[in-house]
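Quick notes on the structure that follows.
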Amino acid sequence: MIKLKLPDGSVREHEVPLDGLAFAESIAKSLAKKAVAIKIDGQMKDLSTVIDRDAEVEIVTRETPDGVDLLRHDASHVMAEAVQELFPGTQVTIGPVIENGFYYDFARAEPFKAEDLEKIEQRMREIVDRDETITREVWDRDAAVEYFKKIGEIYKAEIIASIPAGEQVSVYRQGNWLDLCRGPHLPSTGKLGKAFKLTKLAGAYWRGDSRNEMLQRIYGTCWANENDLKAYLTMVEEAERRDHRKIGREMDLFHLQEEAQGSVFWHPKGWRIWQALEQYVRRRIDAAGYVEVRTPQLLDSKFWEQSGHWGKYRENMFVVPDEVPSTDEDAPVLSGKAKLMAIKPMNCPAHIQIFKQGVKSYRDLPLRMAEFGCCHRNEPHGALHGLMRVRQMTQDDAHIFCTEDQIKEETEAFVALLESVYEDMGFTGTKLRLATRPDVRAGTDETWDKAEKALEEALKALGKEFDFAPGEGAFYGPKLEFHLRDAIGRSWQLGTLQLDFVLPERLDASYIGEDGNKHRPVMLHRAILGSLERFIGILIENYEGRFPMWLAPVQAVVTTITSDADPYAEEMLQKLRDAGIRAELDLRNEKINYKVREHSVAKVPAIFVAGKREAEEGTVSIRRLGSQQQQTMKLDEAIKALAEEATPPDMR
């Protein structure tokens, strides 16, 4: 007799072992029809897996997140089979599931063309119609290497050869086609359905290393049903329309260029948004009891070795010698004794150095230390994406040094501050995730137990709902992630709160406790916006460039119908600027409709229009962005109303 416990807590008993599909049928035939896999003690397995012991069991259906991921996994295999049928001689490499879809990398002499995607998609539909049975086989590792070499799959053979000798490997057979894979998979290709779409072509280096050969990557998306697929494709279309790079050009906010990959050239209008954000955050953290600091960009590699970052982040750090030749000809005569210096990829170790200056007492805690810290990370060229993924970034970074007893209170205060900031930015409904210890980590299990428990208890005390993200914590401590949804439904991970018992120990930070002895402070790493670059990119796309008045780079443009009103327009401009409004003047000899249209395209919230009559009466006609109507007001009243609207939320 085996006892199988379901997620609702109920237990079902079976006299003989049975596979996942039979177990689903024993509950309900309708459930068995929806089933795509089974979870046994939290591990995803094929439906054909036999359950022969007591276990916690969950039937995975296609509509669940795990089910959708499985569909995407199978879609990548069906795509690979279709590619090899249509383009014989193509080698397959890897094909993982990614957010909202999947991809597969192929090795092929000739490049794929955009029109090939429709052919591949059509063949995928045919493979689904064939309803090919998918079965798992276990092979000897060496035999698998030889087999894949024999059929010309050099990349697969290389992957298998990296598995320790003597181990077995799993291969999935899909009709007459097979692939190396851990699984699990659907019972057959017919279970996949046809709610998939191939989306784009790209290049990718084998194993992500630019020294290796270039492969061809095909991206796709797959969903549980056609409605979900259509909704996603509509969202993608809307996202393309809102692309911050396109809007950034149209609004003259910033640009990027090859000579400074991953770094942003901020134009005056874009820099105004940056400054408005930075000043807003500075006021909020000042009111919350933070002190602001500034730390060096370059630090000795020994410093990073001590902190533990050298071993973890070395390949993502920009490293330079502290002895630089004066000319290119002098380069070969470096002494070889130069120290290696790293441009900081993060601020936390430097903040500990400030904390360590002078003796700290328990009375000094909590100490909340903030920095708009400019950091550099050596991101791969192919990963860079506008403002969303850069090499040079500025973070609204802060570290809270506190006692263990203060963790709950500090977490509560931070969450309240963060949610207030997001609300001011127009975001509501923050989703929380608690990311726990990764496989590669610093510190002992005992330390991690303490850190994870402290953060979990603080969240429960706040009454906040949260999900666990096993294995996704930082290498020095568990992490609380804050996710937002934008205007078109996309989720963005922005704020973080990371609990760290490790770094203060490594860098010997201490304070004198009430007992007169030295103690290690707890270190809370926290950010609200994340990087300002990325947050501005998100704001651009969320608002489609139509920023709320207080963030708009140009809040008002003054323009004229005839040149007779030019002196009055100049007077209006000065009054607007005196009221603290970011205003510009347009006295061009163009038709008023043309000028209004141009400034509307530039997303200016308010256009002040003046003609001869307005000049004589001391009034102004106001056209608001997105409205076809004009409102005529006394100039002073209009400026007062606009100034109130332009006031940052924390100053109202």
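Every residue gets a Cβ built from N, Cα and C, even glycine.
Neighbour density for C348 (Zn(2+) binding site): within 10 A of its CB lie 24 other CB atoms from the protein chains shown. In the three-state DSSP scheme, C348 (Zn(2+) binding site) falls into the helix class. Sequence annotations record features per position, and here Swiss-Prot assigns Zn(2+) binding site to C348, H399, H525.
Broken down by DSSP into helix, strand and coil, the domain 'TGS' (1-61) contains 14 helix, 28 strand, 19 coil. According to Swiss-Prot, the domain 'TGS' annotation covers 1-61.
Per Swiss-Prot, region 'Catalytic' is recorded for 243-548, and the stated evidence type is sequence analysis.
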Completion exercise
Least crowded of the binding-site residues H399, H525, counting other Cβ atoms within 10 Å of each Cβ, is H525
Fill in the blank from the handout: Around the recorded Zn(2+) site (C348, H399, H525), other residues with Cβ within 8 Å of the Cβ centre, ordered by sequence, are M346, N347, H351, D397, A398, Q498, D500, L503, M523, L524, R526
